């Protein structure tokens, strides 16, 4: 395209999941409900862990940070999407779009790193149970969480900086409900080769590196569990990992389906479905997955509700 046809873009139009007017109210109510469940469920997990001394262990420190990351992750995209459903312009400023991209990538990466250190926690707890308190000290836990934050912000900064170097044409319509990488790259007038290269190299290292670490941790866990003579002991050990494995499968399955493909084969419809899965559905399900399959959380929740009921009934 000739340079004379390039124009300065001050804002983008987020077309959303659907452009049909009759679908806006049902979609609004559906996503509002999922967002409310996500916020209340994850906030309940954080409050429960903070208020229950028994849950002040590495596993639940990481879980509370995952719950906070889920709240922030969804809050980066869903409120703007809900606002745009009834907005006549559906606009987001150029700078607002870059800010949304930055925090979306940041919290997605944070969830990725937190899932990896949660796998390490399970590995130490099962494979080296007697050394668990000595290895996973409170200081080490705080250092690992801080490292997750630092790496996530650096990862987001790289991809947002590269996105800021792209030139956009007069067509500023993004066929998505937020400023995601691939939809933005699809409407760019300039070369996206470097952006794609970074997604398929640095992005693959960050995402697949964490996934490989998780798989390696569970290979070690399985090898230890299979040596247990009791079938009941095997089941009890595996049940402590079930919640984490469920979240890992949903998160990485959908994330890989969106980003680890050539830009030319990116499908808007498929991208919508998979993106909704890991940006809205997975964060909403996480509190239920961890509470329903975890005896400590269920027990603490019952005591917490009992205390609340007692205080109200006085």
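Every residue gets a Cβ built from N, Cα and C, even glycine.
All TrEMBL annotations are machine predictions without curation.
Note that the coordinates shown come from a computational prediction; the quantities given were computed from them, not determined experimentally.
Taken straight from TrEMBL:
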type     : residues : note
TRANSMEM : 25-50    : transmembrane segment
DOMAIN   : 41-290   : domain 'G-protein coupled receptors family 1 profile'
TRANSMEM : 62-82    : transmembrane segment
TRANSMEM : 102-120  : transmembrane segment
TRANSMEM : 140-158  : transmembrane segment
TRANSMEM : 204-226  : transmembrane segment
TRANSMEM : 238-260  : transmembrane segment
TRANSMEM : 272-292  : transmembrane segment
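Restricting the average to the domain 'G-protein coupled receptors family 1 profile' (41-290) gives a pLDDT of 87.
Segment contact holds for the transmembrane segment (272-292) and the transmembrane segment (62-82), given three or more CB pairs below 8 angstroms at sequence separation of 6 or more.
If you count C-beta pairs under 8 angstroms between the transmembrane segment (25-50) and each of 62-82, 102-120, 140-158, the highest count goes to 62-82.
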